[in-house]
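Shown next, in structure tokens, is the structure this report addresses.
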Amino acid sequence: MNPNQKITTIGSICMVIGIVSLMLQIGNIISIWVSHSIQTGNQHQAEPCNQSIITYENNTWVNQTYVNISNTNFLTEKAVASVTLAGNSSLCPISGWAVYSKDNGIRIGSKGDVFVIREPFISCSHLECRTFFLTQGALLNDKHSNGTVKDRSPHRTLMSCPVGEAPSPYNSRFESVAWSASACHDGTSWLTIGISGPDNGAVAVLKYNGIITDTIKSWRNNIMRTQESECACVNGSCFTVMTDGPSNGQASYKIFRIEKGKVVKSAELNAPNYHYEECSCYPDAGEITCVCRDNWHGSNRPWVSFNQNLEYRIGYICSGVFGDNPRPNDGTGSCGPVSPKGAYGIKGFSFKYGNGVWIGRTKSTNSRSGFEMIWDPNGWTGTDSNFSVKQDIVAITDWSGYSGSFVQHPELTGLDCIRPCFWVELIRGRPKESTIWTSGSSISFCGVNSDTVGWSWPDGAELPFTIDK
């Protein structure tokens with residue numbers, strides 16, 4: 001083979017190898033494209049486990065579930081239409097209280113990022129229950145927690161997180177700027193009511209689905225304030241109670257009917273010699289019952305009951321088992337204010353069952369410590385101090401605080417009645433303990449007609465923290 005033939009042969013072999021290599025590269029590209037095109041989901045968002053996301057779009061809850069199978073994400077959607085929380089059912093018959101949640105916020109906050117809070121409360125939609133709370137714009141064990149014993153400041157905000165979780169920046173949702181608040185769900189969206197501003201001219205901002213829809217101006221220019229617990233919804237309307245005026249004398253009290261975040265009707269109570277603050281309200285058979293705090297001169301609790309047209313009745317719980325704090329020892333009650341130790345008070349609640357009443361109260365008659373539930377079968381109308389059931393919630397040696405009611409509607413539970421529930425705030429820090437801060441955790445219970453147990457579920461945090469030393 002002469003030199004020219006060698007050159008031609010080598011060139012031909014190189015050309016064949018090049019063509020084969022090019023074909024292999026083209027085949028590899030086609031293979032990658034085909035493999036990518038048959039996958040569904042977003043390959044840039046790898047999910048290590050299943051994840052459910054609930055979004056809200058045009059009055060419809062959209063439940064999106066991402067299922068991770070062999071690095072391939074399949075998106076499934078199930079639309080859950082909004083409902084109207086009717087509130088027409090009666091309260092469920094119950095024999096005791098089953099523990100529902102405990103957030104352990106102070107214990108976790110010694111090392112984790114947990115908000116400094118007060119006035120926590122719980123409210124439920126037809127899909128979920130959430131804990132609402134008033135922050136101080138500060139975290140536990142941080143310098144900004146200093147001086148948070150103060151009730152009203154421009155830094156306080158209403159936020160919420162899933163029930164039973166410690167309130168932190170990572171799981172909490174901003175709701176409103178507020179130093180007094182309420183919230184509830186009508187089956188379509190959350191209504192929030194946040195009061196902020198100066199004592200002599202505060203304004204309540206109403207939001208529906210997170211959007212400002214209305215405002216209410218202080219009408220007596222004397223610390224307008226609201227429930228610090230959930231409002232109550234019946235047939236698409238939500239109802240709340242507000243107070244404006246002295247905390248130690250005759251004040252003014254209004255009930256409001258709110259639809260889709262707008263006030264459609266209000267009524268001022270004609271209630272001389274009554275004092276209503278921080279009402280705990282619930283629906284029962286289409287009407288609203290609120291049990292409140294008398295900070296003026298009653299150691300028993302005042303109540304107001306009204307229908308959807310705001311036609312109302314007023315009274316005091318008659319039982320000789322007194323529900324406020326401070327209070328005298330149990331004795332003979334009154335259907336008006338019981339004066340001994342009637343000054344000051346604490347937010348609380350009761351549930352009416354005919355002539356009977358479940359009374360929640362601190363165990364101590366003088367300090368905010370301990371908690372118990374008492375069934376007085378004649379206590380709504382009778383003045384004796386006889387009761388038939390007592391269930392321990394927090395021991396008298398442990399701190400408690402505010403308490404309030406919430407309900408779970410049949411649309412959530414699947415029952416044919418409204419389940420009564422309550423929460424208890426477990427206050428820690430100032431003014432009773434040697435810290436620079438005041439905060440709290442919470443526990444909650446729901447009524448059941450089955451076995452229950454009395455015990456003590458205290459806050460349990462060991463104080464002081466590092467910041468306090």
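Heads up, the Cβ atoms here are built off N, Cα and C, so glycines get one too.
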Using only what Swiss-Prot says about Ca(2+) binding by ASP294, GLY298, identify which of ASP324, ASP330 is listed for that site too. ASP324
CA-CA within 10 A of CYS417 (disulfide bond), subset of recorded positions ASN88, CYS124, CYS281, ASP324, ASN386 in residue order, equals ASN88
Argmin Cα dist to ASP294 (Ca(2+) binding site) over the disulfide-bonded residues CYS92, CYS129, CYS231, CYS318, CYS446 returns CYS318
By CA distance, which of the recorded positions (ASP151, GLY298, ASP324, TYR402) lies nearest to CYS124 (disulfide bond)? TYR402
So if I measure Cβ to Cβ from CYS318 (disulfide bond) and keep only same-chain residues at least 6 apart in sequence, which ones fall under 8 Å? ASN300, GLY333, SER334, CYS335, GLY379, TRP380, THR381, GLY382, THR383
Cβ atoms other than its own within 10 Å of the Cβ of CYS238 (disulfide bond), all chains, total 29
Using an 8 Å cut-off from the Cβ centroid of ASP294, GLY298, ASP324, can you name the remaining same-chain residues around the Ca(2+) site, in sequence order? HIS275, ARG293, ASN295, TRP296, HIS297, SER299, ASN300, ARG301, PRO302, TYR316, PRO337, VAL338, GLY342, GLY345
Compute the C-alpha separation of CYS292 (disulfide bond) from ASP324 (Ca(2+) binding site), stating it in Å without decimals. 10
Over all shown protein chains, what is the count of other CB atoms within 10 A of the CB belonging to ASP294 (Ca(2+) binding site)? 22
